Amino acid sequence: MSDKKIPTPDAAQEPRGVSRRTFLGTGAVTGAVLAGATALGAGTFTRESWAAAAKEAKSKIHVGPGELDEYYGFWSGGHQGEVRVLGVPSMRELMRIPVFNVDSATGWGLTNESKHILGDSAKYKNGDCHHPHISMTDGKYDGKYLFINDKANSRVARIRLDIMKCDKILTVPNVQAIHGLRLQKVPYTKYVFANAEFVIPHPNDGHTFDLQDKNSFTMFNAIDAEKMEMAFQVIVDGNLDNSDADYTGKYAASTCYNSEKAYDLGGMMRNERDWVVVFNIPRIEAAIKAGKFINLDGSKVPVVDGRKVDGKDSEFTRYIPVPKNPHGLNTSPDGKYFIANGKLSPTVSMIAIDRLDDLFNDRYKDPREVIVAEPELGLGPLHTTFDGRGNAYTTLFIDSQVVKWNMDEAIRAYKGEKVNYIKQKLDVQYQPGHNHASLTETSDADGKWLVVLCKFSKDRFLPTGPLHPENDQLIDISGDEMKLVHDGPAFAEPHDCILARRDQIKTQKIWNRNDPFFADTVARAKKDGINLETDNKVIRDGNKVRVYMTSMAPAYGLTEFTVKQGNEVTVTITNIDQIEDVSHGFVMTNHGASMEISPQQTSSITFMADKPGLHWYYCSWFCHALHMEMVGRMLVEKA
Ligand code: RUQ
Ligand code: CUA
Ligand code: CA
């Protein structure tokens, strides 16, 4: 614990003047970025102020036993690969949804149903998800789906929010590292926009390392949200980081930090300015409809070229220069601005969306004429979120703060008026990446809660060895002043989260027997002449053995079956319990087989019976007073 002199909480929360943080030169900012990770000693809260915050927390965020939270929060699990569901404001974890990982409790990555959804990518046992986003209709969450990217294996996954299970995964062709992901907001989420971050050669067949070649590029990707198939790809200059869409359905925008197409740190910081690239969706759609597209490297996906040729813009894109290496890109809930967060610059750039028509019609001499403000906020601005009352909240990674600022006042200041657009700077613990205010990505933004996802927790929790948890902090933003009310330790690495009102998410209590989630298994059973709800039978098909059984607390429909050594065994279980919450499991000991079977669900798992002998199977989800007795035996006869 640090015993150096610490400022009083009041001083710490006072808006700090930004005058001393004039635009720093590359060297200084870069130095600060690089030093940022180690300069964590600046804790400015005293033990007394923590106590005061805790007291405040009690009244504000206490959700009593048996009471329900006001918001659902969906958290990315980062390179752990899953999505986590939390209640807000209690920050209680409600559920985990495995997606790009393997999970033994539910059998995700092990069952036939999940492998079918994972498709070819089932070979990957890892993932790196960053950006969870809920589907929208007319700029409001419709509660149907949640989409999330996988940077590690260039995938996009969809989660059905009615059952809170992943139901589709798509590998984006001919790109590497899907990072920024956002959804079309208006008129509805027709497209999932997904940025591929890394520049690669095309074809990427091992012929070159060269990134400067004209055949080395990356692409902006649009996925049909309902079909979960590729809709189109757009070749861009530079690279792509984060993105967002507007409230007209016409434009999407992405930040680029590697306009240099460099391969190293120094190279990626060479240009004084990188850019925000804006995509004109109707123009892209029209070109594709007219057959004006190419196919790339053996894929059938329509591709259009959004690069400049001899300094001349394509019809599909416009590049707006912004200070070097921007990061987050956020649309304000009033639909007026795209905000690009400076990262290496202490500023954010506000792009007026209502000037984009003119930009695309070449009415401006300089594309920077669409920028209506570039407020200076502090060091390391990464992401911005909104309260729906005209204020924005930006994370300052290096300063370890969230800064609240007023958008209209920032615009007035940019015009030369003397106004202090900074409303408050709040210390957070420590080094925040994303932040997210309740309903902020929709026109419903309600300005109640702000979650700040801090990358470092340092001394905030009981020590856990060299690996520390992260710290997802909850801030009350309903009043004039931001108030920190909760520390939430989290395992690697919740990049981002999203909050929806609880009435916007409607879930099923038990499975529907006709659910497409296990439709393939139902079809296979039908071919085997099996009635899944009543039959307990073993089907022998050469070397393959298919075991069908029911489960009802506390017993399986089959308590023994016999197979031959070398058989490939598929166990299919239908949970005929109708009672909410009575989930069963199935584990075959010493066979790596484990799965969940919730009420009215059918699940199946396949394994090799390669060890002669008696093998117990048992129920792994506590379902009944006699749960321990819910068992059976498999006899494997010597071949
Ligand atoms: S990015 S810390 Cu993967 Cu969302 Cu900004
Ligand atoms: Cu069935 Cu435990
Ligand atoms: Ca750069």
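Note: Cβ is positioned from N, Cα and C throughout, glycine not excepted.
What TrEMBL says about this protein:
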BINDING   His130, His179  Cu cation Z2 binding site
BINDING   His131, His434  Cu cation Z3 binding site
BINDING   Tyr257, Glu260, Met268, Asp274, Asn325  Ca(2+) 2 binding site
BINDING   His327, His383  Cu cation Z1 binding site
BINDING   Lys455, Glu470  Ca(2+) 1 binding site
BINDING   His495  Cu cation Z4 binding site
DOMAIN    540-639  domain 'Cytochrome oxidase subunit II copper A binding'
REGION    543-639  region 'COX2-like'
BINDING   His584, Cys619, Cys623, Met630  Cu cation A1 binding site
BINDING   Cys619, Trp621, Cys623, His627  Cu cation A2 binding site
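Sequence features, as recorded in TrEMBL, placed on the structure.
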{"residue": "His130", "record": "Cu cation Z2 binding site", "DSSP (3 states)": "coil"}
{"residue": "Asp274", "record": "Ca(2+) 2 binding site", "DSSP (3 states)": "strand"}
{"residue": "Asn325", "record": "Ca(2+) 2 binding site", "DSSP (3 states)": "coil"}
{"residue": "His434", "record": "Cu cation Z3 binding site", "DSSP (3 states)": "strand"}
{"residue": "Lys455", "record": "Ca(2+) 1 binding site", "DSSP (3 states)": "coil"}
{"residue": "His584", "record": "Cu cation A1 binding site", "DSSP (3 states)": "strand"}
{"residue": "Cys619", "record": "Cu cation A1 binding site", "DSSP (3 states)": "coil"}
{"residue": "Met630", "record": "Cu cation A1 binding site", "DSSP (3 states)": "coil"}
Same-chain residues six or more away whose CB lies under 8 A from the CB of Tyr257 (Ca(2+) 2 binding site)?
Asn239, Asp241, Met268, Asp274, Lys324, Asn325, Pro326, His327, Lys343
Using a 10 Å cut-off, grab the number of neighbouring Cβ atoms around the Cβ of Glu470 (Ca(2+) 1 binding site), all chains included.
22
How does the model score the domain 'Cytochrome oxidase subunit II copper A binding' (540-639) in terms of mean pLDDT?
98
Return one of helix, strand or coil for Glu260 (Ca(2+) 2 binding site), based on DSSP.
coil
May I ask for the distance between Glu470 (Ca(2+) 1 binding site) and the residue listed as 'Cu cation Z4 binding site', taken between their Cα atoms and rounded to an integer number of Å?
10
Under 6 Å from ligand 2 by Cβ, which binding-site residues from His131, Glu470, His584, Cys623, His627?
His584, Cys623, His627
Please list, in sequence order, those binding-site residues from Tyr257, Asp274, Asn325, Lys455, Met630 with the Cβ less than 6 Å from ligand 1.
none
For the residue listed as 'Cu cation Z4 binding site', name the DSSP secondary structure in the helix/strand/coil scheme.
coil
If you count other C-beta atoms within 10 angstroms, which of the binding-site residues His130, His434, Lys455, His584, His627 is the most crowded?
His584
Just give the helix, strand and coil counts over the domain 'Cytochrome oxidase subunit II copper A binding' (540-639), going by DSSP.
3 helix, 58 strand, 39 coil
